[in-house]
Each structure stands twice: as C-alpha cells, then as structure tokens.
Amino acid sequence: MNNLYEKIIEKLNSISADYELIKLPEDIDDSVEEHMAFHGDDMSKANVNLVYKTDKGFVVIQKRGDTHIDNKKLRKVLGSSSVRFANEDEMGQLGLEPGIVPITGYDLPIYLDKHLLEVDYLYSTATDRVHALKFHSEDLVKLNPDSAIVDVTSVIKKAGINRIVSGVTPSGNMLHIGNYFGAVKNNIDYGNSIDEPFVFIADLHALTTIKDRQQLENNILNVVIEYLALGLDPEKAIFFRQSDVPAHSQLAVILGNYISYGQMQRMHAFKDKLAKGADIGSINMGLFNYPILMAADILLYKPDGVPVGEDQRQHVELTRDIADNFNRLHGEYFPLPEPLIAKDQTAKVIGTDGERKMSKSLGNIVGIFEEEEVIKKQIMKAYTDPNRLKATDPGVVEGNTVFAFHDLINDDKVQVNDLKDRYRKGTVGDVEVKEELIKAHQRLFAPAREKRTELEGNMAYVQDVLREGARKASIVAERNLNEIYQLIGL
C-alpha cells in the first residue's frame, strides 16, 4: 500500500462511507472483465477511470464498464476540440499508472458520467494491482465534491463484440509458444467465435524488415498453414493477405493526413529503434508509417474491437485518435474500436532463459512445430530455481520459468498444483517437472502438428482459402473506401 491509498481510505472514512477493501489474486489480469468475473458481478458495476489529454490540460472521466465514451458529447462537455487518451509517459508524469487510476486523490478535474449513479454500488481499483474497493455510487460525489456530473457515454446494448480485425505479421518462419499465447490463440478464439472476424496476413508490414522475395513468400505460407493448423476455421473467419486487398494501402494514404508528425514520433516501434542506437536518418519510412497503415487495416472494416497484445495497445489508441480526427471533420463515420487484450495475456511470455521475452533471435524459445527432439531440448534447458542444488531442496515456484510454462500449456491443473506443492516441499526434481511439461506440450499441440503436415500436402486448398478470403474482404473494403472518398470529396 502507499500514501495515495492512505489518502483515499482517510477520505472514505471522513464521509462515513460504507466500503469494502478486497484482496485480489496476485496473478489477476488487468482487464476490467476479469476483475468483474472475480467479483461475480456484471460490467455495469465496474467503475472505470480514464485519463484524457485535451487542448486545455488533463482530465479524468469516470464511467461504468458497460458504457462507451461518446467522443462528440465529450468534446462538447469539455469545450475542447482535441481529446485523446493520455499516453504512458504522460500518465507517469501525473504520478498515475495505466489501469490503476483510483476514484479520488489526485489534482485533476474529475467528470462523473451520470450512468454511474444509476446503480447502487461499484467496484474500482484501490491504488495497486492486487486490491479493489467496493463502495456505494453516491459516495463518488462526496469523495469528489468539485466533480461535475455529465452525460458523455452510451450504454452498450449489444452483447459483446460483433466484428473484429486482426493482423498477423509474417516476420518469422515458425511460431513458438510465445507467439501462440501472446497473440495467436487470442486471434483464433475471436476468429472462430464472433459474427464477423477479419483475419489477415500483414505482408505489407513485413516489408519493413524483409526484402527477400522468397523468404517473404515462405513466411507468409508458413503463417497461413500454422494458423489453419492451430484451429482457425476459414468457414467462420475471413482469412486473407493484406496485399490482395488494395484498399488497405489506399486508405493509409488518406489517413496519413489526419495525424501529426509529433504523434508518430512517439510511437513505440520508432522510439525503440532510436533507443537501440539506430541513426534517425537510417530508419525507413515503412517503419515510421507502420501505425498509419495499421490504422487503415483496422478502420477499413469499421470493427468493434481489435485483438492485440498489450504491446500493441498504443497502436489501437492511435487508430482511435485518427478515427476521431476524421470524424470531427466529416461526421461520425468510424466507430472507435476497442483493444481486446486476452484475459490470460501477459505483456510478454518469458523465454527459457527466465529473463527476456521469448524470441527466436535470442535462442530462448519453445517451439510448436519443430521436431519433437528439438522441443524436448528446448524445454530441458529452461531456467528453474538457481538456488536449488538438489531435488530434495525446497524450491521456489514463483518466477520459475518451467512452472510459468506449465500454467500456460498443461491442461491437467490438478497435476500442476501437485507439482508446485511437491516442488516447494523438495519432493520432486526439476527433471520430472520438465518431463511432465514435455508431455503436456505434446497433448496440446499434437493435433496441430498433424494438421500442419496434412496442409503442407494440399497447398491448392491453402491458396483457395486466401483467394476466397480476399474476395469477401474486398466487398466490405471497397464499399467503405468509396463511402470515405465521397465524404472527403474524391
């Protein structure tokens, strides 16, 4: 706990509030949905606090979890022509952390959406990731006496997400479990479960790093085969190559006129290149403009949401900014898509070295489609507890890479818990724990490995899937692009 927590509790006590401090599981995801599932309540009882930057400064908007911000209403209420989410750096300067903005206790203007007061009680973050508060909604006004009650949201009437867009960059030649649990599984789950999923191979994005024609083509076909092998159903998902739908590139040219150079300079991919010592003059424009093309990929289909990893959230937020800028000039044409972060999504899957994000270039991966002997070697070299000298020594499970992999891969949760208990007591060795992980890996991925072999022998089918996907995607893309042309006068 911290000083801000003490300040909030002091304020709650000073108004004689009836509240409950709730301890959350250490491994709970940051998503509002998972928090409300833990509480056993619906999204209408979630208090969501958002920090916006306007042309007049920063403000906090508090709303219910089952509502969407109406940007037109928000700009009118704030009297501001420019409204966007505060970025991570700005949040840090304000002394706040993304996903942990408390209900009171900071020196920013606070606006309470009226729908908050239509329910009896609410849940919100305390001031860290493992504590929540339950309190009466009427106490929000007492806690923030200078706040304004406003009408800036609409209640989400539809159940869930109906249309998503998800892109897959063919940057490597084989997927590993870091790819799978970091993004691929989320993409496939959405692709097979909602009404209108658009899933595309982002081959134009791959050109920022791959210039060899044969390598690019091999990577593309590998990704297509592996997605199909891992379960993406082309009868449900519209699966296609980005370059087969020219409207992606055409819309990117247009959208580049609705975002500033300054915002582009703040994007992570560009900043990371500079941080790694690249000369600014050597960075190609494909990489610099990558977020604009990504915005076009998304907005072209006017989706409700975009399945992404946490490291891609910034790109979705930029997409929303671009859409908002367009809408202010041409009417409310683009919906503002939500970033859909998987509930079991961590910022990264740690590699077998126990330190860095899993990456083929770092040699710390656990593959999916490699030969079984290769995968066994990858697992057997995985980092465990360095202080454990022999199997009878009590071991540490937390931060132990092998147990992190068990949590992801092993479908036998009873066995996982038993192994953890025995490991802590010093009654099971690292070798047995890793051998059980190898068996779990085989159980999970054996069907996909068989399917991959089958697809490699039927490339005509694979090409047919892509052609049919491009045909379906083009119908929607060309219709929307023509509407955009009409709006802007082309």
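One is the number of the first residue shown, and numbering goes on along the chain from there.
Cβ coordinates come from backbone N, Cα and C, glycine included.
Noted in TrEMBL for the protein shown:
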type	residues	note
BINDING	T169, P170, S171, G178, N179, G309, E310, D311, V349, K357, M358, S359, K360, S361	ATP binding site
BINDING	D297	L-tryptophan binding site
DOMAIN	32-143	domain 'YbaK/aminoacyl-tRNA synthetase-associated'
MOTIF	357-361	motif ''KMSKS' region'
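Feature map: TrEMBL annotations on the structure.
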residue: T169; record: ATP binding site; contacts (Cβ under 8 Å, 6+ apart): A202, H205, A206
residue: S171; record: ATP binding site; contacts (Cβ under 8 Å, 6+ apart): A206, T209, I210, N219
residue: N179; record: ATP binding site; contacts (Cβ under 8 Å, 6+ apart): G172
residue: D297; record: L-tryptophan binding site; contacts (Cβ under 8 Å, 6+ apart): V165, G167, F200, A202, Q242, H248
residue: V349; record: ATP binding site; contacts (Cβ under 8 Å, 6+ apart): I177, G178, F181, G182, K357, M358, L408
residue: K360; record: ATP binding site; contacts (Cβ under 8 Å, 6+ apart): G172, M174, H176
Looking only at residues six or more beyond either end of the motif ''KMSKS' region' (357-361), which have a C-beta under 8 A from one in the stretch?
172, 174, 176-178, 348-351
If you pair up every Cα among T169, P170, S171, G178, N179, G309, E310, D311, V349, K357, M358, S359, K360, S361, the residues annotated as binding ATP, what's the maximum separation in angstrom, rounded to an integer?
21
Would you identify the secondary structure of N179 (ATP binding site) according to DSSP, in three states?
helix
Over the domain 'YbaK/aminoacyl-tRNA synthetase-associated' (32-143), what is the model's average pLDDT?
88
Counting across all protein chains shown, how many other Cβ atoms sit within 10 Å of the Cβ of E310 (ATP binding site)?
18
For M358 (ATP binding site), what is the tally of other C-beta atoms lying within 10 angstroms of its C-beta?
22
